[in-house]
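Student: Next up is a structure, given as structure tokens.
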């Protein structure tokens, strides 16, 4: 049998797989806290400058600036105001720059050496560098630690998502992917609640980082991805993992015997690398479009979320609201992406376009509008829509790439996504040109990405390619037809 048949035999989403998925999904809470850390630890309180003083140096700021709000943050500790205010946004951008580097390094690496070792190494070092953030003696150490945390976060998050998908049958990919992204939204809200009760920025950074220790210990028991083992031609090891899954699912009598994966290294083909994304014509076209879609999703998603801390009102409530507003998006995703008339392609494009239009409408609204239709409500609607698109694009991208190069493909797409994250902290500063200029940037990005996404193929109810050979036409069609026939019940 091939791997998809094996999943049907041992269980596509048995009780053991549910435990594995639950652990990796809950890990998103920790990752959300790290991603959103700068929103609260970098909050800028109200302050005043002594009369007749114009502080220009750091020493002058310490002497003549008085903070009028009771808030402990890196701004109050290192006086990151006025001409030093950019350092807060810089720390946020360094984190996302690190995520970019992590995607580039960890994606292809996990395709070469395996999902589990790369994932565990990333998680361990993220926890260590997270404590370096909490105890940083200077801003420079803080900034470098955020870069390092970002590198580990980006790599580990990517492999974690792939593992969540590869432990289960394909029919459950949409559900596990949706739950993963939903838990990230819950993590943002929980981080806001944590920040409300833990006011000191160092205590907040320590508390938010500590669950990573528990997650690392629990993840030590995770098995290697059977899909990765199978794609590498390690058939015996893949059989052992599938047999273990069957046993833990309560199917002790099941015997798993896999056939050799065509196109694997053991079948005479060298393992695929990231350069295949450029050399292979089909992958080259898909990757180019997906890179822009991921970039737009990230720019709009993180731009709106990071902007929450700058809005009027309670900053903790604002951050929580921008997290919780995502939750209605996920049931919508699960409904639409499994409908034949909507599917992955059309649904992603529609959500991106709606997100873009909701942001662009703010240009035509007067400032300080007190009605329900105002800049904040439209920004929240945009956040809901882009959250839905972001959720689907993870699932959609996983299905567009063959197993042998899936992590590399996700890594490159996630790399372009981080360019959006790097730019996102600076987009709100465009308010100096016009109040709605940031939303115009978000809007145009969303609409253009939605249009481009329509050029990609639909993947709903289509078998997943395991190797690059299966992308070729008509060879790919023949393999898919054979696989579909094999899955039909025999009379």
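Using N, Cα and C of the backbone, Cβ positions are placed for all residues, glycine too.
Not my notes, these are from TrEMBL:
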TRANSMEM  20-43  transmembrane segment
DOMAIN    21-461  domain 'Major facilitator superfamily (MFS) profile'
TRANSMEM  88-106  transmembrane segment
TRANSMEM  118-137  transmembrane segment
TRANSMEM  143-163  transmembrane segment
TRANSMEM  172-197  transmembrane segment
TRANSMEM  285-304  transmembrane segment
TRANSMEM  316-337  transmembrane segment
TRANSMEM  349-366  transmembrane segment
TRANSMEM  378-396  transmembrane segment
TRANSMEM  408-427  transmembrane segment
TRANSMEM  439-456  transmembrane segment
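Thinking about packing and proximity, how do these listed features fit into the structure?
Tutor: Packing against the transmembrane segment (88-106) from elsewhere in the chain are residues 34-35, 37-38, 42, 44, 74-75, 80, 118, 122, 139, 142-144, 146-159, 302, 306, 410-412, 414-415, 417-419, 421-426, 429: each is 6 or more residues past its ends and has a CB under 8 Å from a CB in it.
Within the chain, the transmembrane segment (118-137) has long-range Cβ neighbours (under 8 A, six or more residues past its boundaries) at 27, 34, 37, 102, 106, 109-110, 145-146, 148-149, 152-153, 155-156, 159-160, 163, 202, 205-206, 208-209, 212-213, 215-216, 219-220, 222.
Sequence-remote contacts of a segment are chain residues at least 6 beyond its ends whose Cβ falls under 8 Å from one of its Cβ atoms, and for the transmembrane segment (285-304) they are 96, 277-278, 322, 348, 352, 355-356, 359, 379, 382-383, 386-387, 389-390, 393, 397, 400-401, 409, 412-421, 423-425, 427-428, 438, 441-442, 445-446, 448-449, 452-453, 455-456.
Counting residues 6+ beyond its ends, the transmembrane segment (316-337) has Cβ neighbours under 8 Å at 32, 36, 39-40, 174-175, 178-179, 181-182, 185-189, 191-193, 195-196, 304-305, 308-309, 343-344, 347, 351, 380, 383-385, 387-388, 391-392, 395, 460 in the same chain.
With a threshold of 8 Å between CB atoms, the same-chain residues lying at least 6 positions outside the transmembrane segment (408-427) that come near it are 38, 89, 92-93, 95-97, 99-100, 103-104, 106-108, 111, 154, 158, 161-162, 272-274, 276-277, 283, 287, 290-303, 306, 397-398, 400-401, 438, 441-442, 445.
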Student: Given a Cβ distance threshold of under 8 angstroms, which distant residues of the chain, six or more beyond its ends, lie next to the transmembrane segment (172-197)?
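Tutor: For the transmembrane segment (172-197), the sequence-distant neighbours (Cβ-Cβ under 8 Å, at least 6 residues beyond its ends) are 12-13, 21, 24-26, 28-33, 36-37, 40, 161, 164-165, 204, 207-208, 305, 316-317, 319-320, 322-324, 326-327, 330, 333-334, 337-338, 387, 390-391, 394-395, 398-399.
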Student: Give the nonlocal contacts of the transmembrane segment (20-43) in its own chain as ranges (CB under 8 Å, at least six residues past its ends).
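Tutor: Beyond its ends, the transmembrane segment (20-43) has Cβ neighbours at 13, 71, 73-75, 80, 88, 91-92, 95, 123, 126, 130, 133, 146, 149, 153, 156-157, 160-161, 163-164, 167-168, 176, 179-181, 183-188, 190-192, 194-195, 201, 204-205, 208-209, 211-212, 215, 218-219, 222-223, 305-306, 308-309, 315-316, 319, 323, 425.
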